[in-house]
Amino acid sequence: RVIIINKPQVRQYCNNKISTAKYNFLTFLPKFLLEQFSRYSNVFFLFIALLQQIDGVSPTGRYTTAVPLLLVLSCSAIKEIIEDYKRHAADGLVNNRRVKVLRDNTLQSLLWIEVQVGDIVKVVNGHFFPADLILLSSSEPMGMCYVETSNLDGETNLKIRQMFNSLSLFIDCISKISGHCYLQGRVECEGPNNRLYDFVGNIALTGKKPVPLSADQVLLRGAQLRNTQWVFGLVAYTGHDSKLMQNSTAAPIKRSNVDHTTNIQILFLFGLLMALALCSTIGFYVWAGEHEHAHWYLGYEELPPQNYGLTFLTFIILYNNLIPISLTVTLEVVKFIQAIFINLDIDMYYAPSDTPAMARTSNLNEELGQVKYIFSDKTGTLTRNVMEFRKVTIGGISYRLSVRPFFVLQNNDHLKNNSCGEGQSFSDPALLDNLREHHPTASVIREFLTLLSVCHTVVPERDTQNPDKIIYQAASPDEGALVKGAKKLGFSFNVRTPTSVIINAMGKEEVYEILNVLEFNSTRKRMSVIVRTPEGKIKLYCKGADTVVFERMRENQLYLETTVKHLEEFAKEGLRTLCIAMSELDPEEYSEWSKIYYQASTSLENRADKVDEAAELIERNLFLLGATAIEDKLQEGVPESIAALADADIKIWVLTGDKQETAINIGYACRLLTGEMKLLMCNDETLDGIREWLNEHLRMIGRNGIKCERMCCFFVDQVLLQALTDELKLNFLDLALCCKAVICCRVSPLQKSQVVRLVKHHVKDSITLAIGDGANDVGMIQAAHVGVGISGQEGLQAASASDYAIAQFRYLNKLLFVHGAWSYQRLAKLILYSFYKNVCLYVIELWFAMENGFSGQILFDKWCIGIYNVIFTSVPPLAIGLFDRTVSSESMLKYPKLYKTSQNAEIYNTKVFWLWIMTSVYHSLLLFYLPFGMLKHEVPYSNGLVVGQWHLGNVVYTLVVITVCLKAGMELDAWNWVCHLSIWGSIASWFIFLLIYCLPGMAFIIAPDMIGQDTQLYSSGVFWMSVFIVPVITLMADYLYRLIKRTFFKTLTEEIQEVE
């Protein structure tokens, strides 16, 4: 993208209007209908509604399917309109904010939507940036400003943005003369993308050579200006081109296993429907052929050939309601309310950070009840991500940073102001003594502490209440802990400018000029800064993972062996370690390298790779100073939580970037590992060695039959990388699946997602859950069936990309064992019951067809057929889906083994589904033939008329409504007033409806055949006898089955139910 500064653009770029809404006035109807009819069930019912418009085909009238379908679509449309109206309102508030824009040589107050690419805008303190801006100048010295990006990534720490020093001075000079009006030049940069932390571009002002631009010079839309009076910025990306909107793309669409199973069963049921229609059509022509002479008046002798097709369509319409039309809407409503239950659960509310649980989707509630594998990050997920500087090794000597009373340090004036709290300061007598008393390692200690106070990206902020107090704004807890630790040891980081940092070293102020910052990333695993010291020397300070630092050290290191030994000791204690190293650079060498680095940093193609390659050239011949050890304590309740998850037969895999020793220690601390477990560790990094190791252990397991509960597998980064190749990944997976727990160390974000996908795609019926708290966990969170984000110290990127967000790992237990298991059980019963009640009623049309010569005549009134799912049997499924539960939440958490019922899909699978279908067919036989037999020779009316079709239909319909409602009551494990109201209210609604529906005024217009049917029905003794006898007989087999099962084959769930 080429941007002309302060002039009209050569190319047309998008405007600054943003819209998060799904629809507008013109697109609502087509987009809404397209979405709705992407569901097979809606397409099927639309097909039926169209068939009913064909003359002489529909036995149920023209509108008995169209009206319920229209009602279902209307409910969905109202929901979509309400949600989209809120989006439009929110968009309007944002688009109509105001900002100062330089137009016609004056600053004008314009709406955000009027801002264009190439404009120069002025943003004042506390305001948000209206577009992605390139920083030009600010009220702070040397073009520096502070921004907060919590709206983008959840990080509340302040970040510095600054223009390059030389360019900043030039722009400041112009602005003082002309107020930016005559600033001219052009910017060449990358096109719009969603990379929040990357930017590649160059700015070339008139008369100046191009200067590279990076993310440090970009002010992103949605970020807020802080602690800076004003900034001027050049608009680079507007509207939907901004990085904020580029990151607003929809998350991957995930469908639950229950949805998948249901869709398959619907297809089979559709096949059954077609088979029934075909058999009924054949039955009709067989009957017609046998009776065409005896019943000549029916005209069967003259049936045209095309009547075969019309008869087949008639039976399709007759049986179409085997598939419940209201199921989709019912499921949406129930899942939506279940998600609200999760959001309102006070037990998952974390008061210290005011963070409730959040269901970001309602589509996967039941999936939470079927999890078999959990993939967890360590830092910030199992641990608190609140770092405490505990130990160091400097110059081959290990020091423990212990808490000592403040009065002990009275003689050290430079430490008095570095206290860490109420009368305490961190120190180690030996360390301080060695630093003061010219110990052989004194210079190494000083260099080490100087590095900690200089090599970082921390921003110091003065406390408004206490100006002498400095608050460190750190991008990561590790950096904050190291800077605070250096301060407590007498090396205080006080001031940062765009070109330097100022520290207080043992009471003396020192200024270090920052020449270059080689930033940390997951590939480099290190950070370096090149500085000019107060003495004029050029030094490179580097901190990073031991493996990458060791590779770049000079030979004959004095402290290497002892440092490695100390690192192993630190790791065994579960501490996070970083190696600290430095090198002094020759000025000529640095000058030559800086040219290479400039070319790399101004490249518009593959800039990141070229910068990394340039860094490799200078980060060498390092001298090892020592290492740091930081403690990241486990979160509260993690050991108990993991133990409970293991009891529920959930396998836990920890994917961490830490050292193997650290991971082992944390594994034991959180009870993922036990003393009885055999640890399998592979440290061979060759392909052949890994293959042999995998095969050997697989043979050993097969030969000795070692139990999974007694094995844990470890893989480190290079080993894992090799194991995930096509050649070895299945061997890797076979061995990992034999283990109770798996820990992968030194893994990258990409490897995390690869491991999750490997299990997801190759392990049958495995529901995977990934949980993490950082941006490096987003890949695996989106790859898993269910992604859970921790709202933690590393911002909200993981939570924003997740399906469910919680504040603490221990809340995962209630999310799975209670909300997950309950949601699965409720939805399973709801789906089964919905199909049951429909098959129960509509298969009766088949039995009636067998009695009427397959004529296609309906037994029930057409409108009663249409509103069966809408009124009389719509509430019991809701009661089941929202309020049913097997046992209390306390028992679900107390007995994790209860989770296996939902985990193993015991309640809802293909076998169970068709058992319910068979049960409904059996019930329909009884519900039709029992009253049919009772009324066959009955003369119930005083005028001597025999029972008619509508009377029989109303009797059977009444018995069906009563039976299916009582069946719902039998399936409920927990009764409350809502359940009672749903069961008894639904039964009563039919009796009341019939009274109103049969009134002459209404029935004459809608259904003349129903006039007086209520009187005939309610005055019949046989009817009232059947009401009390037939449902009992129908449900007797169900009752006896449950009685025998609870008496002789009792499950753990039923035992706990009896205790409760």
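Cβ from N, Cα, C; glycine included.
Annotated features, as they stand in TrEMBL:
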- 9-65: domain 'P-type ATPase N-terminal' (DOMAIN)
- 96-157: domain 'P-type ATPase A' (DOMAIN)
- 264-288: transmembrane segment (TRANSMEM)
- 308-331: transmembrane segment (TRANSMEM)
- ASP377: active site, 4-aspartylphosphate intermediate (ACT_SITE)
- ASP377, LYS378, THR379, GLU479, PHE520, LYS543, ARG576, THR656, GLY657, ASP658, ARG746, LYS752, ASN776, ASP777: ATP binding site (BINDING)
- 830-850: transmembrane segment (TRANSMEM)
- 865-883: transmembrane segment (TRANSMEM)
- 912-930: transmembrane segment (TRANSMEM)
- 950-969: transmembrane segment (TRANSMEM)
- 981-1007: transmembrane segment (TRANSMEM)
- 1022-1041: transmembrane segment (TRANSMEM)
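Overlay of TrEMBL feature records on the structure.
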{"residue": "ASP377", "record": "active site, 4-aspartylphosphate intermediate", "Cβ neighbours (10 Å)": "29"}
{"residue": "THR379", "record": "ATP binding site", "Cβ neighbours (10 Å)": "27"}
{"residue": "PHE520", "record": "ATP binding site", "Cβ neighbours (10 Å)": "19"}
{"residue": "ARG576", "record": "ATP binding site", "Cβ neighbours (10 Å)": "24"}
{"residue": "GLY657", "record": "ATP binding site", "Cβ neighbours (10 Å)": "24"}
{"residue": "ARG746", "record": "ATP binding site", "Cβ neighbours (10 Å)": "21"}
{"residue": "ASN776", "record": "ATP binding site", "Cβ neighbours (10 Å)": "21"}
> Do any residues of this chain, six or more beyond the ends of the transmembrane segment (981-1007), have a C-beta under 8 angstroms from a C-beta of it, and if so which?
Replying inline: 861-864, 871-876, 878-879, 954, 957-958, 961-962, 965-966, 968-969, 1013-1015, 1017
>> Using a Cβ cut-off under 8 Å, which residues of the same chain at least 6 positions beyond either end of the transmembrane segment (912-930) come close to it?
In response: 261, 265, 269, 832, 835-837, 839-841, 843-844, 847-848, 906, 956, 959-960, 963, 967, 1026, 1029-1030, 1033-1035, 1037-1038
> Restricting to the same chain and to residues at least six past its boundaries, which positions have a Cβ under 8 Å from a Cβ of the transmembrane segment (830-850)?
Replying inline: 258, 262, 265, 269, 276, 280, 283, 315, 318-319, 321-324, 326-327, 330-331, 334, 856-860, 865, 868-869, 873, 876-877, 880-881, 908, 912-913, 916-917, 919-921, 923-925, 927-929, 956-957, 960, 963-964, 967-968, 971
> How big is the Cα-to-Cα gap, in Å, between ARG576 (ATP binding site) and ASP377 (active site, 4-aspartylphosphate intermediate)?
Replying inline: 14
>> Rounded to a whole angstrom, what is the C-alpha distance between ASN776 (ATP binding site) and the residue listed as 'active site, 4-aspartylphosphate intermediate'?
In response: 9
>> Mean pLDDT across the domain 'P-type ATPase A' (96-157), rounded to an integer, is what?
In response: 86
> In terms of DSSP three-state secondary structure, what is the assignment for ARG576 (ATP binding site)?
Replying inline: strand
> What are the helix, strand and coil residue counts for the domain 'P-type ATPase A' (96-157) according to DSSP?
Replying inline: 10 helix, 30 strand, 22 coil
> In whole Å, how far is ASP377 (active site, 4-aspartylphosphate intermediate) from GLY657 (ATP binding site) when you measure between their Cα atoms?
Replying inline: 9
> Which whole number of Å gives the largest C-alpha distance between any two of ASP377, LYS378, THR379, GLU479, PHE520, LYS543, ARG576, THR656, GLY657, ASP658, ARG746, LYS752, ASN776, ASP777, the residues noted as binding ATP?
Replying inline: 24
> Per DSSP, what is the residue count of the domain 'P-type ATPase N-terminal' (9-65) in each of helix, strand and coil?
Replying inline: 21 helix, 0 strand, 36 coil
> Roughly how many angstrom lie between the C-alpha atoms of ARG746 (ATP binding site) and ASP377 (active site, 4-aspartylphosphate intermediate)?
Replying inline: 11
